[in-house]
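**Student:** Structure provided below as structure tokens; questions to follow.
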Amino acid sequence: MCEILQTFMMGLREFLKDYFLGFWDYETPKVMVVKNRTLGVIYRSVQFLVITYFIWYVFISQKAYQESETRPESSVYTRMKGIAVHGDDILDTVEYARPPEGGDVISTILRREVTYDQMHGTCAEHFKVAKANCTKDSDCIQGEVNFDGHGRRTGRCVQYYNHTFRTCEVQSWCPIEEFAVVREPALVEAINFTVFIRNSIHFPRFKVLRGNIKDASNKRNLHKYLSKCHYDEEKEPYCPNFRLGYIAHKARENFSELCKTGGVIGVFINWQCNLDLDPSHCKPAYSFRRLDVRKDQANSGYYYRFAKYYSREGVESRTLIKAYGIRLDIIVHGHAGKFSPIPTIISTVTAMTSVGICTIICDWIMLTFIDKNEVYSDRKFDEVHKEPTAPIPTELSFINSFGSNHSDLSDGVPL
């Protein structure tokens, strides 16, 4: 047992000694020219790919020579404009826009479901509410509140309005919405409503402030321009007026379907500014996309409820309105870049260093797949233990696929 332990300790000591001495060895690359056409084609191909990647993608596409800012300060102001005729009524922005003047979110009503003349009282619960159907009073628990229903149960089982079946009676705004609702036709004129979107963006690092409205010589000309223009990607890129029909079309949505169910559409304003050029070249780019999930019927569409209260014969009453519409979420992204020597130096050094990948790949291919007789590995790796007593001329090693035609530093000659 003692001999085994002693042998183990001696082996461990030799290992630690070799490791310690080997730690202080110096390694230097050795230049060796390999006359192999296949390996040469692989080397130049990989080298070409690496250089092309850095020139085209890193420097030209990503502009890695620029200092960038990706969190600008932004302000958004929106306003809906348009007039709609609904029967004998004339509807303006106060009637259908929420809020009339808003920030980065604004909506417009496309269709309404109205329940007129609701008053506080007792009435039959809707038959689709859980445990609302009954045959006798004992089926209804007095004071029970179902949060999917319309109010608090009185404990009575009553006839469901003018139907023959019965449901539990509740204290609520009566008549309930599901029974007395009146569904109005859609506002087809809304396709021509316009939303005014004013966006200002500031890049504090570069002290650049830009807006999405065209500069004008005076306020009169600007007001005249804004009252007539409509946004067009090519003809009017600085006009902030967008037709709802245009927004729905760009979002690939059917406006008639939106009138039925409503929807949420994102208006994305993207500022990509190359400040090596004049700031006037910094223009907004708009894109539009439906944000609510259409495949999930429970979560798709957009609607909300509000009420108009009034007094009728001294009794507080209300008209309940369920409004379906389009909600626009204005989302602003910004990126600005300008030449700076520090990122330029870092990207250049990274590119030059990455070229070394070509050598690593070709060495691995050469030593793994081509060097069947270990000719290359014998030439590539040398161990030099002491300096030569006399100077020996050195030259590059030339190796073809049949072996070495010239001597090199690994021919058993100590350095």
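Just so it is clear, glycine is given a Cβ too, placed from its N, Cα and C backbone atoms.
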**Student:** Cys174 has a disulfide partner in TrEMBL; which of Cys123, Cys134, Cys140 is it?
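**Tutor:** Checking TrEMBL: disulfide partner of Cys174 resolves to Cys123.
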**Student:** Choose one of Cys259, Cys273: the cysteine that TrEMBL connects to Cys282 by a disulfide bond.
**Tutor:** Cys273
**Student:** Taking every protein chain shown into account, which of the disulfide-bonded residues Cys174, Cys229, Cys239, Cys273 has the largest tally of Cβ atoms within 10 Å of its Cβ?
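**Tutor:** Checking each of Cys174, Cys229, Cys239, Cys273, the winner is Cys273.
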**Student:** Considering Cα atoms only, can you say which of Cys140, Cys273, Lys322 is the nearest neighbour of Cys174 (disulfide bond) among these recorded positions?
**Tutor:** Lys322
**Student:** May I ask which residues of the same chain, at least 6 positions away in sequence, place their Cβ under 8 angstroms from the Cβ of Thr194 (ATP binding site)?
**Tutor:** Met80, Lys81, Gly82, His230, Asn241, Phe242, Arg243, Leu244
**Student:** If you count other CB atoms within 10 A of each CB, which of Cys134, Cys157, Cys168 wins among these disulfide-bonded residues?
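**Tutor:** The largest 10 Å Cβ neighbour count belongs to Cys168.
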